[in-house]
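Participant: From Swiss-Prot, here are the annotated features:
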ACT_SITE  S176  active site
ACT_SITE  H202  active site
ACT_SITE  D298  active site
DOMAIN    3-120  domain 'Response regulatory'
DOMAIN    164-354  domain 'CheB-type methylesterase'
MOD_RES   D54  4-aspartylphosphate
Amino acid sequence: MIRVVVVDDSMSMRTLLERIINGCDGMTCVGAAEDASAAREMIRALDPDVVTLDVEMPGMDGLEFLRRMMLLKPTPTIMVSGRTTSGSDAALRALELGAVDVIAKPLLTRPADLADYARDIAELIRGAAAARVKGGALAAASSAGRERACAHRPRGAKKAGIAATRLSRVIAIGASTGGTEALRTVLQDMSGTPPPILICQHMPEGFTASFAARLDAICGIRVKEAEQGEPLHYGCAYVAPGHSHLSLAATGRLYVCRLEASPPVNRHRPSVDVLFDSVARLAGKRALGAILTGMGKDGAAGLLRMRASGARTFAQDEPSCVVFGMPKEAIAMGAVDEILPLARMGARLSEALQ
């Protein structure tokens, strides 16, 4: 049984989360706190498996509480964020501090919204319960490293390289739980001016633009949220927006982004399988595919199709994953050429382009 503590200053949100958690098989809400002080005592006394934490609370906010908790008692934590720009920025900062995942507060504008939200929360809690949490000095060192990288990166707008054509190489990367930090590591470790990189990271709508901007600030290449029909360029990474599937497409000789707000695939939109399938069809042996940390199986079948089309494929190894789900499924299917620790992935992708 997964034991969960809910921390939120809104009584209605606490009640909703308690009801959802207690209605799911295999999990129970053992406590609900309205502020950081109550949460600290509750977590100390109840020792939960997972914490859901409101980003924006009066007094000590969710970020400061998370920072202290990760130093003293690292616990898998899901950030529950408002749908504002400030809320999404804070949630992404929480992922840097060691939170496992983030979910937006529900809109509940349709009767089906509650069931969808309950399903999403339950999936995140199960993933968090299986996660390896990086707390204490490790989280602090990781955060400090990002700040140093940002401080020492040359200032000024980064220019994209030449446009990519149908003869160009392409890199496709998929990730879920733990992927925000894994992607940062991979992109920072790549050398030179790589071919276009298409990224599918499972993330709610409203968060991906901020995520891309944060990566852009600390990486040597340009990173942006993908836009419909935009040509792909060398030295640029394109992040799938949270509202649409991202596919590789072509207009004439040029590679472009295709966005489609079609139904979820493997319960995800954007879906890694959708991205990988499009790259397999269009780029074939000129592509590289990598599947990183994450819960579930999204991307495994698509990576197999990439490999069958001649692409070189890679998976993150179990010890370095936050959740060894998606890579495990891909490996079991025979979709993977090389299994690598995260610390080697970026450099190996660069080597494979030679």
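Keep in mind that glycine also has a Cβ here, set from the backbone N, Cα and C atoms.
Tell me about the setting of these features in this model.
Facilitator: Listed in sequence order, G127, Q201, H202, H268, V272, T293, G294, M295, G296, D298, V323, G325, M326 are the same-chain residues at least 6 apart in sequence whose CB falls under 8 Å from the CB of S176 (active site).
Other C-beta atoms found within 10 angstroms of the C-beta of H202 (active site) number 29, with every protein chain shown included.
Note on D298 (active site): other Cβ atoms within 10 Å of its Cβ, all shown chains, come to 29.
Across the domain 'Response regulatory' (3-120), DSSP assigns 57 helix, 26 strand, 35 coil.
Counted within 10 Å of its Cβ, the other Cβ atoms near D54 (4-aspartylphosphate) come to 27, all protein chains included.
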Participant: Suppose you look only at the domain 'Response regulatory' (3-120); what would the mean pLDDT be?
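Facilitator: Mean model confidence (pLDDT) across the domain 'Response regulatory' (3-120) is 92.
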